[in-house]
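*Asks:* Sending over a structure as structure tokens; questions will come in a sec.
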């Protein structure tokens, strides 16, 4: 029964319509009316209401927005920091390219919300990398299509995709654009959570991309999920083959968009010196694993101003299928559609052996979404992978992007590896 209630709750949140970028006018009105009370930082409010270009430019970093159209008509937006602010800050100098891909319900904001000196996107720019940050179809920055409407009440056609399409179509389209625009032949890839799943999909289905990737760094790698300990995904998995159908009956194709409810909650309920802040922190711990020492609660209003950023219901259903089936397979459309799409009654497994480039699996013992047993299985099936245990036992799934000491524990090491490969 509790699983059904949990699913209904999240669908209820998803019913709220997506706001502007992200809800700046509404939140600014609340700020002007002092709706949040005293002792609240204006800087945090500003960081919460600015979109990615505004946030990056606020800290005097260069920012470019690029749009690319996929073969099936989705318009994806990428954000680029072409050079540093304090170091490696000469424009027009050709630099090694690194492509960053966010996780489920997230966006390019993940890589910059923690600010200069901490966020991975800024650190990479300062170390001499040309930083490209992707946005998967359906998230806040990629809610456009040449003919489909994401807000349609008559059809969910826009939302009929999972991370299979993100890996098979979105990533190749964005990576090819970044390489063509920069004139480079290869780039480094860093993915977090679903950003790793999508890469494994791409590498399995499009092995020609071995020739375009220098190295791949998987933060909290997610492919096999037989030992997953996520309460939400485990609640969904028994209904994985019915959840999208159920959602479509009540007109839901999108799951947890960026909306007024979450932005308001971050500002009013999750800021410092508010009793409910602990509840906000505990929700994140429920999702990513408990690690109070690495959790910067002060930044919750900023984080919740940018996340969740929306996803398709089918993305969750696909993960549910992976948990229930204990395999890493393409999306199960039902045997009749499988026969038409794949030529088989059962969805084919992704062939991880097609991935030949150096893959670095950055994992931890305290990650409910990327359990050690599943990482071990992934490691054995990849062509050339290296397991990299984060040297902190309680480091969790969300610490890979927002952890207080992520720079020292993870980012600096990844930069060192990429630099050695460049040489």
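Cβ atoms here come from the backbone N, Cα and C positions, even for glycine.
These figures come from a predicted structure and were not determined experimentally.
Feature table excerpt (TrEMBL):
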| type | residues | note |
| --- | --- | --- |
| ACT_SITE | 193 | active site, nucleophile |
| ACT_SITE | 367 | active site, charge relay system |
| ACT_SITE | 397 | active site, charge relay system |
| DOMAIN | 55-114 | domain 'Partial AB-hydrolase lipase' |
| SIGNAL | 1-18 | signal peptide |
*Asks:* Relative to the Cβ position of residue 397 (active site, charge relay system), how many further Cβ atoms are located within 10 Å?
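*Replies:* For residue 397 (active site, charge relay system), the 10 Å Cβ neighbour count is 25.
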*Asks:* On average, what pLDDT score does this prediction assign to the domain 'Partial AB-hydrolase lipase' (55-114)?
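*Replies:* In the predicted model, the domain 'Partial AB-hydrolase lipase' (55-114) has a mean pLDDT of 97.
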*Asks:* Let's check the environment of residue 367 (active site, charge relay system): how many other CB atoms sit within 10 Å of its CB?
*Replies:* 29
*Asks:* Just to be sure I understand, if DSSP states are collapsed into helix, strand and coil, how many residues of the domain 'Partial AB-hydrolase lipase' (55-114) fall in each?
*Replies:* 8 helix, 19 strand, 33 coil
*Asks:* Could you tell me the C-alpha distance between residue 367 (active site, charge relay system) and residue 397 (active site, charge relay system) in angstrom, no decimals?
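*Replies:* Just about 5 Å between their Cα atoms.
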